[in-house]
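Okay, so here's the structure we're looking at.
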């Protein structure tokens, strides 16, 4: 194995720059958001709510434009059976950010929440919040592991360094500056990382296009030269599958990674990495603007990846140093971007592209690790177990979990071969479980914990029932239009059969989960309030037991303030001895739209 010294030096310089920026951001903002009664823990989670448009726009864009985004977009444009028609991520991400800005950013920011799980715990209780934390945590951890694994593979292609070493070093740097500076360090390093992505890829494109082995991509877009046209097409029988993947992409809004890159339009909305930036904005209006800026940024950042994928599809690989077999025939389509950089560009240019890939991966990994630790420290540790925990204690819990979750993601990247399948499935669960519950908690009056539990069960069963080929998980629900597909591994010659669900069962599962929440909420409300069910059976304190300590906790307190807002007191009756739990809303933010919380919004009982 020959190590490219120039490439190794480039990586070291890039990592030193990122580490310096992360530490500088932590030092510069060490007291931001802490004054005037603010908490250090909240400052780490949402940056003191003073992130401006410039830094905020960059960090929100960089979070979605990760290693999977640029690699996956290039891969799908390159693949003969897919092409640009199936490269849904740029448009799906952009649309998800627009929808998030139009409908979700303002109500979440104006109510002053700190994490995405706050409204769930406030309306449905801490136990339900804990259940919803599970798919959210799985998605963040598995995603971090997947992109770290992709980074190791990319570095091994271009620089020929040990994969394990590159993964560990990258993870340690991301963990360190995230642990030191929280959201501030993540946001400021995102600015540098996004600039590196843009510069590195655009520098590489002209050199790859001018390589003698590359045909005119304008011609190969519509005519088969070395493979089928890279514009691609959607077969009539795949229309529903394409639509299902696109809506998942918009909903996830922020799905990422090679073949997984297809999967989300509405699923990108219910992710803590998105709301962490929304909630860090200085106002609800700024939160909306950040979403729109990031939508535009995602489209712009996709252009060089599309061109690189088109270049790969237009290349006669027998005329390159890659060899006589094309990447698609070696089952290396997912690595087409680093392959193009290495074999179609001069070495010194490919190292710029390598910096772009490394930047993209780190900009997503640090965000996911911080998001997971924020939800655990606030919604699990503080709200569920240690309601009277001090701010210092919460800060230390966050630091410990940043390290633990980062180490867990790194270990999975090194040891788990099916990490992509695990992340793919967990992100689907975010789409079919958390997204419909987010719709309910923000926009549907009258939903309660019983409906939330029913929605969770329905979404889980319907999604798991469809199976997961990446994990070799067979389905036990065969949706209409399913077919048995055969996959032949070109290198080993092994034949694999799996069930392809052409029916849009993921989106149907999401809709069914949403309807289950509404139906069961109103059904239990009617049964208890009409007397058909005795009040003693309201064991979740969700309908008639409005005197419970938990309901008082989530309806009366306001973050960092001792005074009680009368509008929040209206839905409940004060009882002596109610436990004073941690809070969900920021009093200053309540004036934005006059709504204090889902509890007051849903208080028509």
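For all residues, glycine too, the Cβ spot is worked out from N, Cα and C.
TrEMBL labels come from automatic prediction, so no person has curated them.
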Checklist entry - Can you say which of 237-259, 260-282, 421-443 is given as transmembrane segment in TrEMBL? => result 421-443
Checklist outcome for this item: Students should find that the transmembrane segment stretch in TrEMBL, chosen from 165-184, 325-344, 485-504, is 165-184
Item to check | Per TrEMBL record, range annotated transmembrane segment [choices 289-313, 514-538] | outcome: 289-313
Item to check | 44-72, 131-159 - the range that TrEMBL marks as transmembrane segment | outcome: 131-159
Checklist entry - Thinking of Cβ pairs under 8 Å, which stretch from 131-159, 289-313, 421-443, 450-466 has the most of them with the transmembrane segment (348-373)? => result 131-159
Checklist entry - Per the 3+ Cβ pairs under 8 Å rule, pairs at least 6 apart in sequence, do the transmembrane segment (7-27) and the transmembrane segment (165-184) touch? => result yes
Checklist entry - Of the listed stretches (131-159, 191-209, 394-415), which one yields the highest count of Cβ-Cβ distances below 8 Å with the transmembrane segment (165-184)? => result 394-415
